[in-house]
Amino acid sequence: MLKNRRLLSTTLFIFGLALTFALFGHFKVSDTPKIFNYTFFNLLILVILVQAITSTFKVKDFHLKVLKLISSLSGDIRFSLLVPPIIFGLLPMPAGAMLTADLSRKAGEELKAERKWVFFFNYWFRHVCEFSWPLYGALIIAAGLANIPVKDFLVSTLPYMGLALLIGLFFLFTRVKGNGNGEKVKAKGSEIIRYSISALWPVILIITLTFMKVDMKITLLVVLLLLFLFERVEFKEIIYTVKNSMISEITLIVLVVLIFKGVVENTSILSSFANFLSRHNVPTIVPVIILPMIMAFLTGITSAGIGATAPILSILFAQNPAFPYVAYISAIAGVLLSPFHLCLITTKEYYKISFKDVYSTILLPVGVIETIAILRGLL
């Protein structure tokens, strides 16, 4: 299963970190069941289902439908690197960037774009909505712990979403010069609607079932089964898809990341760090930035970054009305930069690029948004 040496080294490194945190964070053996809990298996199943859907997209050339839709709306194929990730980005799910990874790869090949930039566009546009979209649990948690109405929190974080979108568009139209064949397909309104339904029904169905509060596992399973049916997937292809989604390099690394996440959440590392900052009279904004960012970075989950640290920071939130937003944006920044973030690690491996490639594209955009959030907290 481990054909990739880089993946093997990454997996061993994460596992080593988990052991280190367990040792120095006073992890109790009796807490082991807390790691392998419902959340652990729920996330693992979701990742497997996402891989199965992605594999089916690839096997049945689903990208052609998306490209056809975009070509009917615009002759600029670069929008193929923008629209699908943003649409699927409305749906919070583990390793969700994998859903559009193959669509972006095919568009990138058509545009002769560098793989690291194809990764960036797929990854970045996937997470643009996280800055201000009510389906993301971290936002609800942040608003609740800060005693701010969700509506007000959404309005206050909306500029960050707009900024993230503008940054992505800037790089899209400056880093990708080509435009494929540049041809716009002539299509009637009824044809465009048909193209839209044909290309977007999976995400429309996922959004609909999500708003109906259907369990995400059931939602993805329904979409997968309908894909098998509508795309007339052969039985041997179904077996191949299921087998390779359950036993894959991505599944293995996700397994290790989830173990690491569980260890971090059940040790005293974070609280010890908070006490250290308090004893040394560190400026109040520093822990508001550092704690959510570190927790989010180490777990790869925004809700963990804000949920585990907001109770510690609640006293500071009362001192400055901008601090809850600084903490929330810092948590997102930590996740976007985290090698333990499932979207990052899975798509990095999918595009077969290095961490150097990853950070050469995302460090500056994340830094710009985080800097603006910090300035807001200082003013």
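Including glycine, each Cβ sits where the backbone N, Cα and C put it.
Beyond its flanks by at least six residues, the transmembrane segment (38-59) meets 93-96, 98-99, 101-103, 202, 216-217, 220-221, 223-224, 227-228, 231, 233, 237, 241-242, 244-246, 248, 250-251, 254-255, 258, 262, 342, 346 of its own chain at Cβ-Cβ distances under 8 Å. What TrEMBL records for 38-59 (among others) is transmembrane segment.
For the transmembrane segment (79-103), the residues of the chain that approach it from at least six positions outside its boundaries are 43, 46-47, 50-51, 53-54, 57-58, 62-63, 66-67, 70, 73, 110-111, 113, 118, 121-130, 133, 135-137, 168-169, 172, 176, 200, 203, 206-207, 210, 216, 220, 250, 254, 342-344, 346-347, 350-351, judged by C-beta separation under 8 angstroms. According to TrEMBL, the transmembrane segment annotation covers 79-103 (among others).
TrEMBL lists 123-146 (among others) with the feature transmembrane segment.
Panel annotation: around the transmembrane segment (153-172), residues 78, 81-82, 117, 120-121, 124-125, 127-129, 131-134, 139, 142-143, 146, 324-325, 328-329, 361, 365, 368-369, 372-373 of the same chain, lying at least six beyond its termini, place a Cβ under 8 Å from a Cβ of the stretch. Sequence annotations record features per position, and here TrEMBL assigns transmembrane segment to 153-172 (among others).
The transmembrane segment feature in TrEMBL is assigned to 192-211 (among others).
As annotated by TrEMBL, transmembrane segment applies to 218-235 (among others).
Counting only same-chain residues 6+ beyond the ends of the transmembrane segment (247-264), those with a CB under 8 A from a CB of the stretch are 1-4, 7, 10-11, 14-15, 17-18, 21-22, 25, 27, 34-37, 40, 43-44, 47-48, 51, 94-95, 98, 270, 295, 298-301, 304, 340, 342, 345-346, 349-350. Taken from TrEMBL, the feature transmembrane segment covers 247-264 (among others).
Residues or ranges marked as transmembrane segment by TrEMBL: 285-313 (among others).
The transmembrane segment annotation in TrEMBL covers 325-346 (among others). For the transmembrane segment (325-346), the residues of the chain that approach it from at least six positions outside its boundaries are 10, 14, 43, 47, 94-98, 101, 123, 126-127, 130-131, 138-139, 142, 153, 156-157, 160, 250, 253-254, 257, 260-261, 285, 288-302, 305-306, 309-310, 313, 317, 355, 358-359, 362-363, 366, 369-370, 373-374, 376-377, judged by C-beta separation under 8 angstroms.
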Near the transmembrane segment (123-146), which same-chain residues lie under 8 Å Cβ to Cβ, leaving out any that are not at least 6 residues past its ends?
81-82, 85-86, 88-92, 96-97, 100, 152-154, 157-158, 160-161, 164-165, 167-168, 171, 210, 301-303, 305-307, 310-311, 314, 317, 324, 327-329, 331-332, 336, 343-344, 347, 362, 365, 369
